[in-house]
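As written in Swiss-Prot, here are the features:
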SIGNAL    1-23  signal peptide
DISULFID  34-57  disulfide bond
DISULFID  37-86  disulfide bond
DISULFID  54-107  disulfide bond
DISULFID  58-109  disulfide bond
CARBOHYD  78  N-linked glycosylation site
DISULFID  85-112  disulfide bond
CARBOHYD  103  N-linked glycosylation site
């Protein structure tokens, strides 16, 4: 009788663990907290009319620099990185409370630039 109880308890514990493992979210956690590059309403400047700007994450990676490429560098670096940023395809300037701002109309991932507001 004791072995039946222990087998039943083991089976119950196993089924509970399988339930927990199955209910765990099956998502890619590498970019957790950073949504894709999209057009979003800027709440700071959207007072009398909506102002949209590009926000979100794009591609980035780092890898060891190939030896052939390292030989051509004036200051050799062991790690090479490449990245794209969330930038506007089309913009037009508008004025909000006496400040000129860029209202974005379309976004994509492209070469990273430092943008002015």
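Note: Cβ is positioned from N, Cα and C throughout, glycine not excepted.
Since we're looking at a predicted model, the values are computed, not measured.
Here the features listed in Swiss-Prot are placed on the structure.
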residue	record	Cβ within 10 Å
34	disulfide bond	12
37	disulfide bond	20
54	disulfide bond	22
78	N-linked glycosylation site	7
85	disulfide bond	19
86	disulfide bond	23
103	N-linked glycosylation site	19
107	disulfide bond	22
109	disulfide bond	18
112	disulfide bond	14
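Here the disulfide-bonded residues are 57, 58; the one with the fewest Cβ atoms within 10 Å of its Cβ is 57. Within 10 Å of the Cα of residue 109 (disulfide bond), the following recorded positions from the list 34, 37, 57, 78, 103 place their own Cα: 37, 57. When the CA atoms are compared, no recorded positions among the candidates 78, 103, 107 lie within 10 A of residue 58 (disulfide bond). Cα-Cα distances to residue 54 (disulfide bond) place none of the recorded positions 34, 78, 112 within 10 Å. Nearest to residue 85 (disulfide bond) in space, judged by Cα atoms and limited to the recorded positions 34, 57, 103, 107, is 57.
Across the structure, residue 112 (disulfide bond) and residue 86 (disulfide bond) are spaced 8 Å apart at their Cα atoms.
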